[in-house]
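Record features, source TrEMBL:
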- HIS121: active site, proton acceptor (ACT_SITE)
- TYR69, ARG72: substrate binding site (BINDING)
- GLN103, ASN104, VAL105, ASP106, GLY196, THR197, SER198, ASN222, PRO223, GLY224, ALA240: NAD(+) binding site (BINDING)
- CYS129, CYS132, CYS156, CYS159, CYS160: Zn(2+) binding site (BINDING)
- 1-254: domain 'Deacetylase sirtuin-type' (DOMAIN)
Amino acid sequence: MEHGAVEAAAALLARARRVVVFTGAGMSAESGVPTFRDALTGLWHRYDPQSLATPQAFAADPDLVWGWYEWRRSAVRRARPNAGHLAVAAIEAHVPQPLVVTQNVDDLHERAGSPDPVHLHGSLFAPRCCACAHPAPAGADADEPAGGRRLPPPRCVRCCAPVRPGVVWFGEALPQAALDTAATAAADCDVLLTVGTSALVYPAAEIPRTAARAGAAVVQVNPGPTPLDPVATLNLRGPAAEVLPAVVGAAWPD
Ligand code: APR
């Protein structure tokens, strides 16, 4: 991690009024949350994400798809926010107008103290009826076996149709209110901090590009290269749980 880039990012954040923090799977990697692709182990190693994360897959084999998401939910329950999540919450506490926008379906930003992150791809903790969209309880803490298992989804209390995970599947639209909030904030921020995302999946990947077009400074935290490298004002190469605390410490030393 380059010291000069950390100092430069800290200076941008310390004088910013409006900051958008845009996060992806890399944000939660150091919490041990299996990424979308890592999560295809055990029972599910034969499947590719596209074959499990679609409305068609759920219609064809609800027990398989519900079991996969319940297993992912139990893995998230066991995980803890890392130092990167805590640093994001600290940025929110220091900046006059912050907004956290995440592609992650875990709740680690919330548990780190971020009050109201925008979930562009939904949440593992907001299941709903697949027919009438009535919200369903997230269920008891399942004590999942390590490899997971097939599990029949519960039934909607209102219409008896199967309950589905509250996540955005391939081919589905993002929640419009969340996308509007994120796009508006990105078009009107001083700094957009993008953390742990490959920035390949649209329309979410448009958010940092919107900020760059509108003249914001784009600061990227990622151990590897991404298509955002040429768009970013600063590229901080390293893991979120190391880089973000260093930036926060430099921006607001106590
Ligand atoms: N700190 C920061 N970044 C990291 C770390 C880390 N410790 N470890 C990995 N990364 C980076 C990787 O280099 C990669 O660029 O995180 C990124 C993860 O990329 P993806 O797995 O593509 O995740 P994401 O960008 O969130 O994917 C977007 O696609 O899989 C679907 O719907 C799913 O929301 C997800 C969307």
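Note that Cβ sites are derived from N, Cα and C of the backbone, with glycine treated the same way.
TrEMBL does not curate its annotations; it predicts them automatically.
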Rounded distance in angstrom between the Cα atoms of ARG72 (substrate binding site) and ALA240 (NAD(+) binding site):
21
Fewest-neighbour residue among binding-site residues, criterion Cβ within 10 Å, set VAL105, CYS160:
CYS160
Using a 6 Å cut-off on Cβ distance, which of the recorded positions HIS121, CYS132, SER198, ALA240 come close to any atom of ligand 1?
HIS121, SER198, ALA240
Cβ-based isolation winner (fewest other Cβ atoms within 10 Å) among the binding-site residues GLY196, PRO223:
PRO223
CYS132 (Zn(2+) binding site) to ALA240 (NAD(+) binding site) - Cα separation in whole Å:
39
Comparing the binding-site residues CYS132, CYS159, ALA240, which residue's C-beta has the most other C-beta atoms within 10 angstroms in this structure?
ALA240
Which one is closest to CYS160 (Zn(2+) binding site) in space, judged by CA to CA distance, out of the recorded positions TYR69, GLN103, HIS121, PRO223?
TYR69
Can you tell me the three-state DSSP label for CYS129 (Zn(2+) binding site)?
strand
Tell me the Cβ neighbour count for CYS129 (Zn(2+) binding site), meaning other Cβ atoms within 10 Å of its Cβ, over all protein chains shown.
21
Cβ-centroid neighbourhood (8 Å) of the Zn(2+) site, CYS129, CYS132, CYS156, CYS159, CYS160 excluded:
CYS130, ALA131, HIS134, ARG155, VAL157, ARG158, ALA161, VAL163
Those binding-site residues of GLN103, VAL105, CYS129, PRO223, ALA240 having Cα within 10 angstroms of HIS121 (active site, proton acceptor):
GLN103, VAL105
If you count, for each of the binding-site residues GLN103, SER198, the other Cβ atoms lying within 10 Å of its Cβ, which residue has the minimum?
SER198
Spatially, which candidate from the binding-site residues TYR69, VAL105, GLY196, ALA240 is nearest to CYS129 (Zn(2+) binding site), comparing Cα atoms?
TYR69
Considering all pairs of residues in GLN103, ASN104, VAL105, ASP106, GLY196, THR197, SER198, ASN222, PRO223, GLY224, ALA240, annotated in the record as contacting NAD(+), what is the maximal C-alpha distance expressed in whole angstrom?
22
